[in-house]
Amino acid sequence: MSRKGPRAEVCADCSAPDPGWASISRGVLVCDECCSVHRSLGRHISIVKHLRHSAWPPTLLQMVHTLASNGANSIWEHSLLDPAQVQSGRRKANPQDKVHPIKSEFIRAKYQMLAFVHKLPCRDDDGVTAKDLSKQLHSSVRTGNLETCLRLLSLGAQANFFHPEKGTTPLHVAAKAGQTLQAELLVVYGADPGSPDVNGRTPIDYARQAGHHELAERLVECQYELTDRLAFYLCGRKPDHKNGHYIIPQMADSLDLSELAKAAKKKLQALSNRLFEELAMDVYDEVDRRENDAVWLATQNHSTLVTERSAVPFLPVNPEYSATRNQGRQKLARFNAREFATLIIDILSEAKRRQQGKSLSSPTDNLELSLRSQSDLDDQHDYDSVASDEDTDQEPLRSTGATRSNRARSMDSSDLSDGAVTLQEYLELKKALATSEAKVQQLMKVNSSLSDELRRLQREIHKLQAENLQLRQPPGPVPTPPLPSERAEHTPMAPGGSTHRRDRQAFSMYEPGSALKPFGGPPGDELTTRLQPFHSTELEDDAIYSVHVPAGLYRIRKGVSASAVPFTPSSPLLSCSQEGSRHTSKLSRHGSGADSDYENTQSGDPLLGLEGKRFLELGKEEDFHPELESLDGDLDPGLPSTEDVILKTEQVTKNIQELLRAAQEFKHDSFVPCSEKIHLAVTEMASLFPKRPALEPVRSSLRLLNASAYRLQSECRKTVPPEPGAPVDFQLLTQQVIQCAYDIAKAAKQLVTITTREKKQ
């Protein structure tokens, strides 16, 4: 289906006349030269289709023309309309400019970097901003203003946003209001037509109840867009979604199956739902690339544009995906037509089996479904050997010269609605499942709330136990601060002397011989036996013991000062290692005045370890509470799956890379939101592991991971000075931030290594 605009259009990127391509996700029309750059960016940046030679749903084409005619291009070129930008030398590309590097650099800056999009004045909290934008989108889709919704989506609004008060998504609102074009735009940006509302009703149900039957049918097509597109690529047909949702072609010579093909099919069936969905989406993107390649070669007519630089030989890299997945996506281009068709048939069959809930069948039951090994396949071109004599009027688009009609007749379509389950029963079951899932989510939220309340009560109990034990102790003499003459005894006798007074303690801070251990610490823990709990008025909400050092009391070498260092018994400062006990015991035995023995500490005897110094620095900002609980009780030997740990590690690494880019670009105002994202990713990764892991390497790695994440937050908050105009040493701060990020990455790598090793054993 094709349609031209009512007026002469120009390319949105270089103003060339009569553009032949459309960017669906950007709502603009582009010429052939600019389209070659769009295709090289990938579908995650720009989804392109030819206006005349590609198959278009009528409402989708109408949506693109509406956006293009209403000035959607001004969204992506907002700052270029400012006269100040013209004076600075930044300009739009011209039709006479070369594709590389002028047009390509401009298009990348425009769509990939979003260099010309209007920026919001305040982006301190991206989460709150995205939520507000999504709520605006939720309200705007009931109207017919497409440009406003596209602008909100470009600023970060979520198409699948679930409104907490109204219990619906934007697609529910658009379907109820009958806004077909708004629904098309939302689906392009990832809205799910099958997502239930708070009552389990989908946007399709909303459209039908409101009497918008054509919109409901279109939403059903969007729900099965992936399988419909794969089937249409093979045989040129789509299911009508009334008698069935799947058309599964089969190879005419599929009875000749090898053992390798049967084994490959079993591997496909053994994939988890998430991995199978990722594979299906990657094959969908490869189908789109091959169809656009066919259109490109057919329309260029071997002109100068058909060059290596304008071709897209494989799927471009998507930075949101892992390196392994990107490599697998690119290897799909190496499949010849026969291999690729066999893979598509297997995916269609497996998708149908999974959605209908059928059990796995033996390979002999479905001889037409297989995955071919590349070494066992011949070099036949497409499906010429099984082409039919029937002719169609479709125009040739394949580079091999074979027509889509021949390919359609070379396949036998399977039944559209086999199986004992009727469509009505399936829809009822799906609705009941959606309702059950909504109830499960609600119960999970209630459970989480109760768990938080239980943890709070446990902290209160520990606090009361500590106060009770303190009140039961016999009263002792209250130590008084020493006189200045007495404090003088703590200073060295000579400035250059190397003799240190090691037999004195800090005044009124530590009570020697105290054996109070409410947490059941190890008997040999020297530091715990030297701590006395403060009065209840000095206790923090989440900490029972703290080493309270008055400001300026100790001056540690290299300018590190300790003001308040709260910790729990599970923190690294309370470990039973001799090194940590020796270093910490020195802290309790030294200095009582402004001039303490720390100023003369020998270089060969470090006062605190590196980890201890980091905890002291962290204590200057806020209390630190490690995520690991006390190790009282049974230890849990269980470990999460290696796949889950690697997935969370990639998320942590991605957020760290974003932070490092901000540091390289001197965007210090981005430190705080980046650190929040890293902390969230670290929390999700730590939640994979048991509360009391049995392996000591796992416990130490988790402590380092959580401690570094908290310290990173503390360091990043220093970018905002406590008083306006106060100087901030950004160079030193950046070094501290990079060090924290390194510690987080190191701990995450250790957890991946440990998990992989333990799973192999």
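Backbone N, Cα and C define each Cβ position, glycine as well.
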* To do: Look through Thr168, Thr601, Thr653 and state which residue has the annotation phosphothreonine in Swiss-Prot.
  => Thr601
* Which of these ranges is annotated zinc finger in Swiss-Prot: 11-34, 107-130, 539-562, 659-682? -> 11-34
* To do: Could you let me know which of Ser303, Ser385, Ser451, Ser641 shows up in Swiss-Prot as phosphoserine?
  => Ser385
* **Candidate set Ser140, Ser414, Ser596, residue annotated phosphoserine in Swiss-Prot** => Ser596
* Go through the chain and flag residues at least 6 beyond the ends of the zinc finger (11-34) whose CB is under 8 A from any CB in it; none is fine as an answer. => 5, 45-52, 60-61, 63-64, 67-68, 72-73, 75-76, 92-95, 97, 99, 103, 106-107, 110-111, 146, 150, 185, 188-189, 299-300, 305, 310
* **Summary of DSSP states over the zinc finger (11-34), given as helix, strand and coil counts** => 3 helix, 7 strand, 14 coil
* Determine how many residues of the region 'Interaction with PCLO' (245-365) DSSP places in helix, in strand and in coil. => 75 helix, 2 strand, 44 coil
* Long-range Cβ environment of Tyr224 (phosphotyrosine), under 8 Å and at least 6 residues apart -> Pro239, His241, His245
